[in-house]
Amino acid sequence: MFEWNLYLMIIAVFGGIFFATAVAALWWSAKHGQLRNFEQGSRVIFDDEEPEGVHTDYFPGESAKASDKLREIR
Amino acid sequence: MSPFLSFFNKIDPQVETKPKVALSEVDHEMRLPVLLFTISGILWLLIGTFFAIVASFKMHSPELLANFEPLTFGRVRSAHLNAMTYGWANNAVFAVGLWIMARLCKAHIRYASMLIIAGVFWNIGVTIGIIGILTGGLTSVEWLEMPPQVGPLLAFSYVLIGMWGILMFRFRERGHVYVSQWYILGALFWFPWLYVVAITMIFLEPARGTIQALTNWWFGHNVLGLWYTPMGLAAIYYLLPKVLGRPIYSYYLSLLGFWSLALFYNWAGVHHLIGGPIPVWLISAGIVASVMMVIPVVVTAINHHMSAVGNARAVWQSPTLRFIVFGAMSYTLASFFGSWMALRSVNVVTHFTQFTIGHAHHGVYAFFTMTMFGGIYFMMPRILEREWPSAMLIKVHFWCAAIGIGMMLVALHVGGWIQGMDLNNPDIPFFSPDSSARTILGALKPWLFSRSISGILLTIAHIAFFVNFALMLIGPRAVRYKEGPTLLAAERKGA
């Protein structure tokens, strides 16, 4: 039983460090402005090559037809 | 601030400078490692599918290949799990996850050779592991059946990949860390942690008794929750807004989803041992954590739904989004099922039945694998600067995969529930020589048979995917669409 508890303590410590790293990362992100200005943050995936407002994926050979249909809907 | 944390804080996220590196340059520089991982992943997918079909047929026709030792059920089932997990899923994660990471960092790719070396060693390790399983050298630890000797090889490859991810992040040209980067960074950090602790406490310095089982399920469940789930969600959060051309519905909710996953998920795996000989408080803590997972799931579901709603046609016209949205919906459903199954009153029925197998496929296939298919459909034209050769094969892939996995989930969930109810009823025998008697096996057999039919559909889907991919790599037809839709040239001309 003692050994069982010892191992339980070891995994509790591992688990604790695991949790602590998540808290540290959250603290880092809050401290360094990662949790501010979400509007700007959500747009970092777009750029000149793949700009906002443009669909970037169609079935091969069907783009012209498909984008016409999408324009009609809009 | 500690020097360790300042290591990652190169650029002020509030001052958004224009990165000097174009996405197409990142794609070009990632070509070799991404190709290595994708080709290996797809080959493993086919091998894993073969093992799956054999294992599935053996469940209702046990005489099939019964005298061929390497393909006896115990081995072929484990070979299927490991080929799919460490072969297909991990290679797909390395390809799609690292590519998304590179694109979001918007910096020149450094040390790509690290990824090549890691990829080669990883696949050698998995090959040795699968051969080890088929020749009878497997362990009895679920999710870690490969002979423990391959552990160091896999760990070494993984360390290289993890280090590459951290270095890529360190040298990023963008200050803001997008939610997908958080998920990928988290996963890159969590997986080695899980793997090393599990290998150490189960094989190298084995803990005694039920602690081994506890470590096993802490690892097994977290591989899904802290490795595949964050990588799948990272892909969805990147590709859904990217393809639709509009930002995610609520960026705030996406971050809330990430942080609640990071803080709560780690405990949930204990629910696999409900009813087992471990302290009740540990199981209760696992159940609480499992139910707490409803928070990130609801948050993510609202976000995905609100981002895609009103864009049904756009979703339908994009091969990527067909798969991604299917994956996102499956994530929501599978997660709710998971929380529900962790309740003691439900678990008493579903434990040790096909219901659990169905749930595992719900998560790993309907959510994760479908999402990775979507990611590969978006990624490959950009990596190869070629178009997919056949729209028809993509549709065959989608429909066979969607119907196949749908059928499998119904079969295993319904069949598993009936099996669980029967197992709890002492009046129903497992088997009876009287063929008209009501038995557990008799009631389960039609459901197992329909699972095999669904497996055939999935096989057709995977072959269609493989053929399309192979033609894209080597076929001249793929170049015909060089100015094609997914490369945006046609869209720009039309606009």
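Every residue, even glycine, has its Cβ placed from backbone N, Cα and C.
Remember, TrEMBL labels are computer predictions, not curated facts.
Annotated transmembrane segment per TrEMBL: B:34-57, B:83-102, B:114-138, B:150-170, B:182-204, B:224-240, B:249-268, B:280-302, B:323-343, B:363-384, B:396-418, B:453-474, in sequence order. Feature annotation from TrEMBL assigns domain 'Cytochrome oxidase subunit I profile' to B:43-495.
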Stretch in B:83-102, B:114-138, B:182-204, B:280-302 most in contact with the transmembrane segment (B:363-384), if contact is a CB pair under 8 A: B:83-102
Non-local residues, at least 6 beyond the ends, that sit with Cβ under 8 Å of the transmembrane segment (B:150-170): 7-8, 10, 86, 94, 98, 101-102, 105, 107, 109-111, 114-115, 117-119, 121-122, 124-126, 128-129, 132, 181, 184-185, 188-189, 191-192, 195-196, 199, 203
Intrachain residues whose Cβ lies under 8 Å of the transmembrane segment (B:83-102), provided they are six or more past its termini: 26-27, 29-30, 33-34, 37-38, 40-45, 47-48, 51-52, 109, 115, 118-119, 122-123, 125-126, 129-130, 143, 146, 154, 161, 164-165, 168-169, 180-181, 184-185, 187, 223, 227-228, 231, 234-235, 238, 364, 368-369, 372, 375-376, 379, 383
PLDDT averaged over every residue in the domain 'Cytochrome oxidase subunit I profile' (B:43-495): 92
Chain residues in Cβ proximity to the transmembrane segment (B:34-57) (below 8 Å; excluding those fewer than six residues from its ends, i.e. six or more beyond): 64-65, 71, 73, 76-77, 79-80, 83-84, 87-92, 94-95, 98-99, 115-116, 119-120, 123, 126, 130, 376, 379-380, 383-384, 448, 451-452, 455-456, 458-459, 462-463, 465-466, 469, 473
Among the ranges B:182-204, B:224-240, B:249-268, B:396-418, the one whose Cβ pairs under 8 Å to the transmembrane segment (B:323-343) are most numerous: B:224-240
Spatial neighbours of the transmembrane segment (B:249-268) far in sequence, C-beta under 8 Å, 6+ residues away: 179, 182-183, 186, 218, 221-222, 225-226, 229-230, 233, 237, 285-286, 288-290, 292-293, 295-296, 299-300, 302-303, 306-307, 338, 342
Contact set, same chain, for the transmembrane segment (B:453-474): CB under 8 Å, 6 or more residues outside the stretch: 38-39, 42, 45-46, 49, 52-53, 56, 365, 373, 376, 380, 384, 386-390, 393-394, 396-401, 403-408, 411
Close approaches to the transmembrane segment (B:224-240) from elsewhere in its chain (Cβ under 8 angstroms; 6 or more beyond its ends): 89, 93, 96-97, 100, 103-104, 178-181, 183-184, 186-187, 190-191, 194, 248, 254, 257-258, 261, 265-266, 268-269, 300, 304, 307-308, 320-321, 324-325, 327-328, 331, 360, 363-364, 367-368, 371-372, 374-375, 378
